[in-house]
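Report on the structure given below.
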Amino acid sequence: MSTGSPRVLPADSGIAEAAAVLRDGGLVAFPTETVYGLGANALDARAAARIFEAKARPSFDPLITHLADAPDLEKLVGPVPPAVAALAERFWPGPLTLLVDRPAEIPPIVTSGLDTMAVRVPDEPSARALIRAAGVPVAAPSANRFGQLSPTRAEHVVKGLGAAVDVVLDGGPTRCGIESTIVDARGAQPVVLRLGALALEELVEAVGPVSVRPGSSGQPVAPGTLAAHYAPRTPLRVVAGAQPAPADGGRRGFLAFRERPADGYAAVEVLSPAGDVTEAAARLFDALHRLDAAGVTEILAEAAPDTGVGRAINDRLRRAAATWDPADARMHGPADRGYRFSYQPPESEVSHADRTRHHDQRRDLRP
């Protein structure tokens, strides 16, 4: 195991060495299409414990288990509900995490003692090659200290975790830029537990209306759902629209969705000059890393349009604006509401053919 800085290897040529580290119980940070993950052998309780130690992650926050290929799911857990199987077939590999019953082979530490397991197949060739080469499922949360900004570049991992990780596979910037969407599809209607890179509209096209419950004030049943999370060290405040800098002489940064604000900010990042929420999501954490390193005293962040992955951007900003108190394990702030809602396309936007298709898909995909 590394006792100094982590070994940084190219993602395309470092697979064999990184896979050996995983088999030996080590930690490997690797790129996915969403963010960089901090991986360990999901069948090895001691290896999984190293993830919690490296991240300073509370033991009640479960991990996501990553598989190389969709058929590996039933090899690991046995038969799954029809809706789970259908969503996996439709969206894997991809940024969708599904809840399934935890098999006996997965130690309870991976699921924080829960009877359910979060699992996905990443849509990143080097990640899937790593899992295949290791020959084991890989438990992997984001490769950062708990509650802090997710890493979308290898240098974010090295700066944030240092020698706590043995090997970092450098695959360049991640494509989606935000974490996977998490869905519990075991019941009568799919429930979105975490908004992410797979937009609600895509889920609804596959299964019809879904419930959305992306908040947790107790033990989370899925990772990334605590009210305070994804935060820079610099205090962050969410605002509506580009705003002039406050005239109090403070050194502030501004995270703009589309248009640069008026002068007066010490640092400005624009997520998408074209106003594209997918582009904005891909740049979100990278921009926040830069603002966090700019020496500002506060970051003002403009909310994105609440559509597509813009909802996930706003979810991350709300959680970043909340505060986490490790002394009493409570979350405080605007995200501490456990908010929930149902989503289906507006009637005016759905044709009769679409409604018929959604009805048929619900009949076919749900248990």
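Including glycine, each Cβ sits where the backbone N, Cα and C put it.
Predicted automatically and left uncurated, TrEMBL annotations should be read as such.
The L-threonine binding site annotation in TrEMBL covers THR34, HIS66, ARG120, ALA140, SER142, SER180. Here HIS66 (L-threonine binding site) comes close to THR32, GLY37, GLY39, ALA42, VAL119, ARG120, VAL121, PRO122, ALA127, ILE131, PRO137, VAL138, ALA139, ALA140: these same-chain residues lie at least six apart in sequence, with C-beta atoms under 8 angstroms from its C-beta. Classification of HIS66 (L-threonine binding site) by DSSP places it within a strand.
Under the three-state DSSP scheme, SER150 (ATP binding site) falls in the coil class. Around the Cβ of SER150 (ATP binding site), the number of neighbouring Cβ atoms within 10 Å comes to 27. Sequence annotations record features per position, and here TrEMBL assigns ATP binding site to ARG57, THR116, SER150, ARG194, TYR230.
The compositional bias 'Basic and acidic residues' annotation in TrEMBL covers 328-339.
For 12-198, the entry in TrEMBL reads domain 'YrdC-like'.
The region 'Disordered' feature in TrEMBL is assigned to 328-367.
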Key: Sparsest-packed among the binding-site residues, when each Cβ's other Cβ atoms within 10 Å are tallied, from THR34, THR116, SER142, SER180   = THR116
Note = Around the recorded L-threonine site (THR34, HIS66, ARG120, ALA140, SER142, SER180), other residues with Cβ within 8 Å of the Cβ centre, ordered by sequence, are THR32, VAL35, GLY37, ILE64, PRO95, THR97, PRO122, PRO141, GLU179
Ask   = Counting distance between Cα atoms, which of the binding-site residues THR34, SER142, SER180 is nearest TYR230 (ATP binding site)?
value = SER142
Remark   = Neighbour count check, CB within 10 A, over binding-site residues ARG57, ARG120, ARG194; minimum at ARG57
